[in-house]
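Scroll down for the structure; my scribbles are underneath it.
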Amino acid sequence: MATEHVNGNGTEEPMDTTSAVIHSENFQTLLDAGLPQKVAEKLDEIYVAGQRKYGGPPPDSVYSGQQPSVGTEIFVGKIPRDLFEDELVPLFEKAGPIWDLRLMMDPLTGLNRGYAFVTFCTKEAAQEAVKLYNNHEIRSGKHIGVCISVANNRLFVGSIPKSKTKEQILEEFSKVTEGLTDVILYHQPDDKKKNRGFCFLEYEDHKTAAQARRRLMSGKVKVWGNVGTVEWADPIEDPDPEVMAKVKVLFVRNLANTVTEEILEKSFSQFGKLERVKKLKDYAFIHFDERDGAVKAMEEMNGKDLEGENIEIVFAKPPDQKRKERKAQRQAAKNQMYDDYYYYGPPHMPPPTRGRGRGGRGGYGYPPDYYGYEDYYDYYGYDYHNYRGGYEDPYYGYEDFQVGARGRGGRGARGAAPSRGRGAAPPRGRAGYSQRGGPGSARGVRGARGGAQQQRGRGVRGARGGRGGNVGGKRKADGYNQPDSKRRQTNNQNWGSQPIAQQPLQGGDHSGNYGYKSENEEFYQDTFGQQWK
């Protein structure tokens, strides 16, 4: 048996490296170059893991507490590629004691990949590092970006049978994945016995969540005889305590259908002057004039019965502009296939977007993530771990999995296409082909597919055209490529309409990585690196 000293620190027991150590294809090259065994193995780790780690538990004289928990790690982006630990560690040690630092490396060039993760011993040190070094000029003309790193341990799972309970879902998914700790499930407002067809699975840590995601997305695992829809959910971000200390708005959920804004105003006004009350489905926002009134109301009313339901109250999470920007980017990417969709943030009312009805182009709806309520309600994330924790979209964006005018109408007549600019374009349909649907009246110059459509100029829009005749499921005769459906493709699942899941933090790869585009990255890459491209 070959015996080797791997770590090079003090007296070591022999170990069988042939089975315990997995080397990359570059390991022999390093040995052939004359490098010592230990040095070659350390360098080979960079090829395998794609990172270089500094530190570990610091000496007891520096820190003798427990292992750091959530909120102690920061992400450092836009690092100059030729900058290493010898400059990063002294810089960040000024914010507090460091537990470890992981610098992502490019093994081919020996340079870093432009980002790193620093874990501090305390949350306070991590928050101080963000304040001190976000947009810090680390070299002349080179500014780094720093933010709290959030290890995502939640998965969105769609296509859940609506009759299943939280306990049944927890039991079923525990059979096929490891480390599942909780299930977050929402019920339909008008029928508390039924769920909304989706849930969130919470795992012990990001590593187990990533493994579960890969397993569930493999197509080999079926739950209740079906392959589910699985995506990353947005991770929970702890709000700034200084910001939360100023919040005067309460988020109230689990309201009965009979509860009105007038009832809420009467119930909460006894604790202080109200600026306004806004109820949406079975939740509401209560705006107080003073924070003291909001604090007192939450203490007195949380868990109390209101019109037959026990309400739950937390402070509403204020706007996070960076999260809104990320949401806008994800939403724009999700809707690239949709015609005439652009993101408009509150408080401006967006113009209506086209529905997906096929005859007469359907009715008009609003963008999928616009909820119709005023001003900044869309910004609130309801950061509460027992429901909707930290997620930006109110869960009513998933209501019955139907948003706006998404229904398919009958296909309209397939006549000549309109001219789209300065001059007539040739017709798209085949000459002499029969119409596909019944004729529809013109909507100005835009009507059913058989009629002429409006030019893409400054024409006058007239009345809406009717829907075309129903020829459900037939293919277009002229070879026109029909755009993909807005509905998520779920392998012919048959549990009713499918949900449109929260977008993952980046594309839909199956590796568990997100934020970075390298095949070498593993589960440790758990933050929003895409902010600093």
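Cβ coordinates come from backbone N, Cα and C, glycine included.
The secondary structure of Lys78 (SUMO2 cross-link), as reduced to three states from DSSP, is coil rather than helix or strand. Counting every protein chain shown, 17 other Cβ atoms lie within 10 Å of the Cβ of Lys78 (SUMO2 cross-link). What Swiss-Prot records for Lys78 (among others) is SUMO2 cross-link, and it gives similarity to another entry as the kind of evidence.
The SUMO2 cross-link annotation in Swiss-Prot covers Lys517 (among others), and the record cites similarity to another entry as its basis.
Residues or ranges marked as domain 'RRM 1' by Swiss-Prot: 72-151. The DSSP breakdown of the domain 'RRM 1' (72-151), given as helix, strand and coil counts, is 19 helix, 33 strand, 28 coil.
For Tyr283, the entry in Swiss-Prot reads phosphotyrosine, with the evidence type similarity to another entry.
Annotation comment: Swiss-Prot describes Arg354 (among others) as omega-N-methylarginine.
Taken from Swiss-Prot, the feature omega-N-methylarginine applies to Arg406 (among others), supported by similarity to another entry.
As annotated by Swiss-Prot, omega-N-methylarginine applies to Arg428 (among others).
Positions annotated as omega-N-methylarginine by Swiss-Prot, on the basis of similarity to another entry: Arg436 (among others).
Feature annotation from Swiss-Prot assigns omega-N-methylarginine to Arg446 (among others); the stated evidence is similarity to another entry.
According to Swiss-Prot, the omega-N-methylarginine annotation covers Arg449 (among others).
The annotation region 'Disordered' is assigned in Swiss-Prot to 407-533.
Averaged over the domain 'RRM 1' (72-151), the predicted model reaches a pLDDT of 92.
A gap of 41 Å separates the Cα atoms of Lys78 (SUMO2 cross-link) and Tyr283 (phosphotyrosine).
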